[in-house]
Amino acid sequence: MIHFTKMHGLGNDFMVVDGVTQNVFFSPEQIKRLADRNFGIGFDQLLLVEPPYDPDLDFHYRIFNADGGEVEQCGNGARCFARFVRNKGLTNKQKIRVSTSNGKITLRLERDGNVTVNMGIPVLEPGRIPFNAKKMEKTYLLQATNPDSTMQTFLFGAVSMGNPHCVLDVEDIEAADVEGIGALLTRHERFPKGVNVGFMQIINSGHIKLRVYERGAAETLACGTGACAAAVVGQLQGKLDNCVRVDLPGGTLTINWEGEGKPLWMTGPAEHVYDGQIQQ
């Protein structure tokens, strides 16, 4: 039997598995079955806690989307990861350092129950996002072919928070065609590894509303790295302050970023739902 915990960060839900004290392996097919909300456990991502590869770190953090594919980063998942390893007694530290497939992040458990994540320095160079562009811009232009073969032009900012994001400004977040445009852009050829697509409505310089179409998972109730990406793009374009409240369908995150070349900090909740076990 494999023990797991169901958790969520603002409704972005996860199956979290301890791979430190348990010997576990999940194939992409198994993850797809487990992620199914009718016939499985149901989740946006599976989070796997592994022993560290570096003696200076506490854990290794792996993330798998509902389609079975492994991805580089998940901000909401990182907060749940921190809460999980403390709740399960895998560490007694307030500050936890973990590696991912794309780098290292620091997690800090706050006294109010929230978790703050040092998401690292946002990557803006197109080739490292990765996004095919001749040079770095604050705003990019892209053309995409609609299902009816008509062409549509999009203006957006692009950034990697350990995973690729593009962020579009919208006037009305409720009216935004998140599913249609998200599906059109997420696998566009100019994003070699696909992209998460954010739709940002600016309320004022310290407050935005956001919906995100996640690569491999469609629209979710919240996307932590998407909130980070939106704050970065808005600040680079001169529209947002250093500290931004981000309202997502599942709740609110606070993003702090002092500007280009500086690390970004994300603060928000991480909730335990239930513990369970499955046969493997």
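Placement of Cβ uses the backbone N, Cα and C atoms for every residue, glycine included.
Copied over from Swiss-Prot:
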type	residues	note
ACT_SITE	C74	active site, proton donor
ACT_SITE	C223	active site, proton acceptor
BINDING	N12, Q45, N65, G75, N76, N163, N196, E214, R215, G224, T225	substrate binding site
SITE	Y274	site 'Important for dimerization'
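Positions of Swiss-Prot features highlighted on the structure.
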| residue | record | contacts (Cβ under 8 Å, 6+ apart) |
| --- | --- | --- |
| N12 | substrate binding site | D44, Q45, C74, N76, G77, T220, L221, A222, C223, G224, G250 |
| N65 | substrate binding site | D44, Q45, V71, E214, R215, G216, A217 |
| N196 | substrate binding site | N163, P164, H165, C166, T186, V212, Y213, E214, R215, C223, T225, G226, A229 |
| Y274 | site 'Important for dimerization' | T5, K6 |
Notebook entry, point to check: Including all protein chains shown, what's the count of other C-beta atoms within 10 A of the C-beta of T225 (substrate binding site)?
Noted result: 31
Item checked: Chain-mates of N12, Q45, N65, G75, N76, N163, N196, E214, R215, G224, T225 with C-beta within 8 Å of site centroid, substrate -> D44, I63, V71, Q73, C74, G77, V212, A217, T220, C223, G226
Check: Taking the Cβ of C74 (active site, proton donor) as centre, how many other Cβ atoms lie within 10 Å?
Finding: 29
Check: Other than its own, how many Cβ atoms are within 10 Å of the Cβ belonging to N76 (substrate binding site)?
Finding: 36
